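Everything on this sheet refers to the single structure shown next.
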Amino acid sequence: MLQIGKVRCDELLKACGSPLYVYDETQIEKKVEDYQTYFKSENFDTEIVYASKAFTCVALLEKLNAYGCSIDVVSGGELSIAKKANFPSENIYFHGNNKLNDEIIMALEYGVKTIIMDNMYEVDQVIHLAEKLKKEVHVLIRVNPKVEAHTHEFIMTATSDSKFGISIDQKDDIKEMIAKVNDSEYVVFDGFHSHIGSQIFEEHAFVAAIDKMIAFIKEMGEPTSVLNIGGGFGVRYTDEDTPIPTKDLCIKLIEAINQSLHTHDVQLDKVCMEPGRSIVGEAGYTLYEVGFTKKTQNKEFIFIDGGMADNIRPALYDAKYACDIANKMDQAKDYTYEVAGKCCESGDIIIHDAKLPKVETNDILVVYTTGAYGYSMASNYNCLNKPAVVFVKDGKARQVVRRETYEDQLALNEEKELQL
Ligand code: LLP
């Protein structure tokens, strides 16, 4: 029987039901330690800012805070989880291309240290609200460095017509944004941010973006103390993926930053990075119970008790995953199956042509590397309840998010007359 964090998968399902998201805490800790240890330089401070959109819950944020990580949030919802975890406001960065007034107010009231400005209109809005509430806030301006890295087009962010940030060519607009911030009493300009996309393996794309950003800082000639180089570091979903080990990646990025600072004669107080997927992705596993199996003319299906509602990535990005039968780890994988979810959608296939041992009803299917953008992109399609999340470590397991219930969903069916 497969164990995760020295806990048997069948015992986890017995205790918490199926499907189930399982995180191996040791794997998360190892990643964080690697980032904290190797993304370091004598020439500037560094900060690891976890992109909480990849997966967030109170228990994870408490752990990251204990490790001294910062986080980024992109909505009032993500911020409310940070608040519930008592995450220190001075370690929160607030992102997003269309922050709502209520969200900006919520961030200012909680004392969020830094807001990342996506566009000119937002600058006016943040200045206005910070002055109204008399709250000081620091800002970074998100610059699109126009470095195209090869990844799925839905998760590329630095193409010329990306909806994110302001193009590196629009220097006059950026200067105007900074001038407005400098004129304001409550808003402080710290520097720039760039992010080139997600699930990227090409180290040279990160290096190119870093160099473009540092050359840009020199050219702008504005006092700049902070550069945030974003996240996007790829992880292994299947054997086809070959991510750079975290330690090597950090060392290479630090080298590239130092080299570029030297070349362009720029000094920075701090460089931040924003990994999401690479901290939680490989630490996450989803367990499902197998229901019926079915043979069609050319395929053999196994049906699982979850699917696109708990993992939209195969349907949305054609994402590939690896899997096993947790209770048949020692058997030869002589069979080929379509692993299909239970949603009413032909595209609800989690894995095509999965090589597995002979699968039977009640077997436990484990899908690997579901820790990022699985739970956080889960939906209630077909009114399925969102699964519970458990953390496992050294033979112990704890539920950190409970399973949704029908009552939770029904509670939203509230009728009232509207006072217009
Ligand atoms: N920083 C910014 C500004 C971002 O937009 C993102 C991701 C990150 C950091 C973290 O990127 P990561 O290290 O996790 O690659 N739903 C897609 C991924 C969307 C990524 C959105 N932004 C997926 O499931 O592949």
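Cβ coordinates come from backbone N, Cα and C, glycine included.
Features reported for this protein in TrEMBL:
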type: DOMAIN; residues: 20-371; note: domain 'Orn/DAP/Arg decarboxylase 2 C-terminal'
type: DOMAIN; residues: 27-280; note: domain 'Orn/DAP/Arg decarboxylase 2 N-terminal'
type: MOD_RES; residues: Lys53; note: N6-(pyridoxal phosphate)lysine
type: BINDING; residues: Gly232, Glu274, Pro275, Gly276, Arg277, Tyr373; note: pyridoxal 5'-phosphate binding site
type: BINDING; residues: Arg277, Arg313, Tyr317, Glu345, Tyr373; note: substrate binding site
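Across the residues annotated as binding substrate (Arg277, Arg313, Tyr317, Glu345, Tyr373), the widest Cα-Cα separation comes to 27 Å.
Ranking the binding-site residues Tyr317, Tyr373 by how many other Cβ atoms lie within 10 angstroms of each Cβ puts Tyr317 at the bottom.
The C-beta environment of Pro275 (pyridoxal 5'-phosphate binding site), restricted to residues of the same chain at least 6 apart in sequence and closer than 8 Å, consists of Tyr35, Ile48, Tyr50, Ala51, Gly231, Gly232, Phe233. The 6 Å Cβ screen around ligand 1 retains Glu274, Gly276 from the binding-site residues Glu274, Gly276, Glu345, ordered by sequence position. For the domain 'Orn/DAP/Arg decarboxylase 2 N-terminal' (27-280), the model gives a mean pLDDT of 95. Separating the Cα atoms of Glu274 (pyridoxal 5'-phosphate binding site) and Lys53 (N6-(pyridoxal phosphate)lysine) is a whole-number distance of 11 Å.
Taking CA atoms as the reference points, Arg313 (substrate binding site) and Tyr373 (pyridoxal 5'-phosphate binding site) are 8 Å apart. Close to the recorded pyridoxal 5'-phosphate site, the chain also has Ala51, Lys53, Ala54, Ser198, Gly231, Phe233, Ser278, Ile279, Ala372: residues not among Gly232, Glu274, Pro275, Gly276, Arg277, Tyr373 whose Cβ is within 8 Å of the site's Cβ mean position. With all protein chains in the displayed structure included, the most crowded Cβ environment within 10 Å among the binding-site residues Gly232, Gly276 is that of Gly232. Taking the binding-site residues Arg277, Arg313 in turn, the residue surrounded by the fewest other Cβ atoms inside 10 Å of its Cβ turns out to be Arg313. There are 24 other Cβ atoms within 10 Å of the Cβ belonging to Glu274 (pyridoxal 5'-phosphate binding site). On the backbone, the CA of Tyr317 (substrate binding site) and the CA of Arg277 (pyridoxal 5'-phosphate binding site) stand 15 Å apart. Gly276 (pyridoxal 5'-phosphate binding site) sits 29 Å from Glu345 (substrate binding site), counting Cα to Cα.
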